[in-house]
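**Q** Once you've had a glance at the structure underneath, I'll fire off some questions.
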Amino acid sequence: MSDDLAAAAAAADPRDRAGRLMRRATYAAVGVAFTLIIVKVVAYVLTGSVALLSSLIDSALDTAASVVNLIAVRHALQPADEEHRFGHGKAEPLAGLGQAAFITGSSIFLVIEAVDRFVTPQEVTRGWVGIAVMAFAIVATFGLVAYQKRVVKETNSVAISADSLHYTGDVLINGSVIVSIVLATWFDVPYADPVFALAIAGYLLWNARAIFLSSLDLLMDREFPEEDRERILAIARSHPLARDVHDLRTRSSGQQQFIQLHLELDRDLTLAKAHAIADKVERDIRKAFPHADVIIHQDPVGIVESHHDDLAYGDKELAPGEVPPREGQGRGA
């Protein structure tokens, strides 16, 4: 019976659910990307559209990025071990940096191809084939993006968010390819094809920049947004016996979040009572941040620990080992 209860508790753990959702999202992305590559290769061979080639390159990049994401997510979801006490979540932003590099390279290649088409224009043939393929790609990609956004909403995964950003762009890219093929095939606008290709390259470069910056923030342990920090402080201060909070520090590693703070309590509380209060505050914070590892250090009210491990009481520094005076007493009393 105890084993059944443990299994049920594990199943109810939001981190386990997040892991399952992230794995499914990576499998779905790889499957859709491989399918789109196959149909776009056939369509490009039949039409010769450079805009369609740009979409094909983007799908190939998406496939590579999705495979990297799949590997990174599987690694990031591994539990902490003796050599990685804080887990393996940094694998996600590392994958994000790789994606940004992939996208930048493909965008440069696309610019070169588009410029070449300006110099030596080529006729787009069998435009209906390209339109049919792009319509199929839009439907498949839209379904994938909808699922990914639901997963990101529940998990805050950087890797899945980056993939979703790719495929959201793909919906727009595929639509622009349809427009360029229509203009080049039926309205005799020869430069529509390379113009749209250049626009797509610019969009991809902008996405690469966004992915790079968000991944760098995670690798450099950037603090939570200010609204989240204020929320944490409000929760900690809401306990009736909490006097104040200081030294709040936050960071993220993949889907795992880390929150550390110092909770100021009355100095005459017993150690057991202070510990119980800190436990209650930790539970309250975890309710608001289900993926967070919360560490709370209890300080007697009025004591502030600096980053240099010196103790200060009010505006006066205390000598190492000196006990702060009680209220109403002067130093040395």
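Backbone N, Cα and C define each Cβ position, glycine as well.
TrEMBL: automatically predicted annotations, no manual curation.
Reproduced below are the annotations present in TrEMBL:
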- 25-46: transmembrane segment (TRANSMEM)
- 28-220: domain 'Cation efflux protein transmembrane' (DOMAIN)
- 127-147: transmembrane segment (TRANSMEM)
- 167-189: transmembrane segment (TRANSMEM)
- 195-219: transmembrane segment (TRANSMEM)
- 225-300: domain 'Cation efflux protein cytoplasmic' (DOMAIN)
- 314-333: region 'Disordered' (REGION)
**Q** Among 25-46, 167-189, 195-219, which stretch has the highest count of C-beta pairs below 8 Å with the transmembrane segment (127-147)?
**A** 167-189
**Q** How about long-range neighbours of the transmembrane segment (25-46): same chain, 6 or more residues beyond its ends, C-beta under 8 Å?
**A** 52-53, 55-56, 59-60, 62-63, 66-67, 69-70, 73-74, 125-126, 129-130, 132-134, 136-137, 140-141, 144, 147-148, 151, 157, 159-160, 163, 167
**Q** Looking at the domain 'Cation efflux protein cytoplasmic' (225-300) alone, can you tell me the average pLDDT?
**A** 91
**Q** If we skip the immediate neighbours and take only residues 6+ beyond the ends of the transmembrane segment (167-189), which ones have a Cβ under 8 Å from one of its Cβ atoms?
**A** 29, 32, 47, 49, 51-52, 54-55, 58-59, 62, 123-125, 127, 130-131, 134-135, 137-138, 141-142, 144-145, 148, 195-197, 199-200, 203-204, 207
**Q** Tell me the residue counts in helix, strand and coil for the domain 'Cation efflux protein cytoplasmic' (225-300), as DSSP assigns them.
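**A** Counting residues by DSSP class gives 30 helix, 29 strand, 17 coil.
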